[in-house]
Ligand SMILES: NC(=O)C1=CN([C@@H]2O[C@H](COP(=O)(O)OP(=O)(O)OC[C@H]3O[C@@H](n4cnc5c(N)ncnc54)[C@H](O)[C@@H]3O)[C@@H](O)[C@H]2O)[C@@H](O)CC1
Ligand SMILES: Nc1ncnc2c1ncn2[C@@H]1O[C@H](COP(=O)(O)OP(=O)(O)O)[C@@H](O)[C@H]1O
Ligand SMILES: [Mg+2]
């Protein structure tokens, strides 16, 4: 099987420099629907990653218990709360974001599953689906038909298995994931070491990242980054490619200071700027 390596050249072909005349209204509004009691950190990480990846506005939609946490942790991010205290029960909002990321830390309560279903039935905004949103969809596979074309799904191996069933070899894993991508018209970010991105028959292989990323919340950060790029107008496959590349690059940059063991998900967020700078330096040369 042929994989297209996600090299710096591939990235530079896709990367869009921010206009000198940009303002927050032109840079996209990302909505992160995330968090539950005890997992509000997932919402904080995803929302902070989204604003640090460059979209103009970020709103977090969280259960009521997340309100103070979000507002104190990230003053740049706006917050809308669900009527329920501890988990999502009714995802309704008046804003018009350009992209939505849903799933990190939301849990799989019955009420949350229903809220996800009702949201998917009416939503037409470009979407990133991760973590418990994927787990809920795995329990209700018919909901896959509700996803907008080119929705980005970001499963780790266990979540992928819940979605497509088990595989016996790596070859079979790719075959099944390609078939899944084609059946539902999805961009599949097959997270791992390394991560592959599958867009129908086309498979991309990331070239950045290391074992420092094997830490809680690193996937939640990737969801925020990818949603941010989607909100900024990148085509879904390019948002996935650029997001995965930059996410991995943060770990390659930071590892000389943090080492593998003490790198945490917040270090990904702290290094997003340095990762972008490697592109801008090269683009200007
Ligand atoms: N600070 C927070 O609030 C955090 C919240 N999180 C949320 O917690 C919820 C549960 O997510 P989890 O992913 O922990 O639970 P899952 O049950 O989906 O996955 C955990 C299991 O998956 C397997 N797995 C994961 N990565 C693998 C890999 N690369 N290779 C092979 N097996 C692998 C392992 O067996 C692992 O025990 C999600 O909603 C997630 O977003 C986590 O992201 C951790 C941090
Ligand atoms: N050994 C590794 N090498 C490279 N990347 C890794 C490694 N381990 C984990 N990652 C990356 O870290 C992220 C983990 O995501 P995920 O399992 O969803 O974490 P969480 O749910 O805790 O946020 C993925 O992007 C994955 O590719
Ligand atoms: Mg995850």
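Count begins at 1; order follows the chain as displayed.
Even glycines carry a Cβ here, placed using N, Cα and C.
Bear in mind that TrEMBL entries carry predicted annotations, made automatically and left uncurated.
Residue 105 ((6S)-NADPHX binding site) counts 26 other C-beta atoms within 10 Å of its own C-beta, drawing on all protein chains shown. Taken residue by residue with DSSP, residue 105 ((6S)-NADPHX binding site) is part of neither helix nor strand, so it is coil. What TrEMBL records for 42, 105, 156, 220 is (6S)-NADPHX binding site.
Around the Cβ of residue 219 (AMP binding site), the same chain contributes 104, 130, 131, 154, 156, 191, each under 8 angstroms and 6 or more positions distant in sequence. Residues or ranges marked as AMP binding site in TrEMBL: 191, 192, 193, 194, 195, 219.
What TrEMBL lists as domain 'YjeF C-terminal' is 7-279.
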**Request:** Using all protein chains shown, find which of the binding-site residues 156, 191 scores highest when you count other CB atoms within 10 A of its CB.
**Result:** 191
**Of 42, 193 (the binding-site residues), the residue whose Cβ has the fewest other Cβ atoms within 10 Å** = 193
**Item:** binding-site residues whose CB lies under 6 angstroms from ligand 1, from 193, 194, 195
**Value:** none
